[in-house]
Amino acid sequence: MADVGVWYNQLPRFTRYWLTATIAASLGSRFGILPFHYVYLSRRLVLGEWELWRCLTSLVVYPLTSSTGFHFLINCYFIVQYSGRLEKDQFNRSPADYLYMQLVISAMAVIGGLIFNVSFLMDILVVAVTYVWCHLNKDVIVTFWFGSRFKAIYLPWILAGLELIFHGSIASLIGIFIGHLYYFLKFQYPQDLDGGNFLETPRILKRFAPDVSGGMSGFGVPPANRNNQPSPGGFTSTWGRGNILGR
């Protein structure tokens, strides 16, 4: 238990908050503490009955059953791996920037869920954050099923394809669109196209989570050492069976 506590406390701050909120809310819904019929996203109930809290609960509640439990654990693994690495590496000196990214992606996930009638948004969030990490680390080699190896940039598309084929769900495709929109507005448009920075972090968030002084922040520019100079052998991440995102 001590080792688990050490591991948990070593998770980056906002990744730890996200993981904790998701596990607590999902277990609360599973055991009836949070009534299931009050937590899912519904276009009729949100826009017609103004039950706006569903926009928040649908972000952190996952419908746990005997058939979805393993998928939930895989999603939690992706949160730890990709949200954790993104916050620790690219956003290590600017925690408010990472928090703002999460807020922007969450808002877009709610909009996407309302448009496409997706009741629970965990899959969308996980894929969107994974997409951002993969594009900032596009040449890093990851290992997938049966020892297959490929560049990280292809990972979201492989997950989306498997989900669409085996589950008929477009949640991962929505997540890819959201992740790409964020990546384009935050990185490509201001840097490659000399456009304005539409996603500049508000000052109130900077006051809430001040920048870490000392050194240089990896935020704002896809780091060259990750895109063009991967470490020998690359970072590998292995998934077992059943790690398809989406229901």
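The backbone N, Cα and C atoms fix where each Cβ goes, and this holds for glycine too.
TrEMBL entries are annotated by machine, without manual review.
Matching 144-164, 165-185 against TrEMBL, the residues noted as transmembrane segment span 165-185. When the stretches 52-80, 100-133, 165-185 are ranked by Cβ pairs under 8 Å to the transmembrane segment (17-40), first place goes to 52-80.
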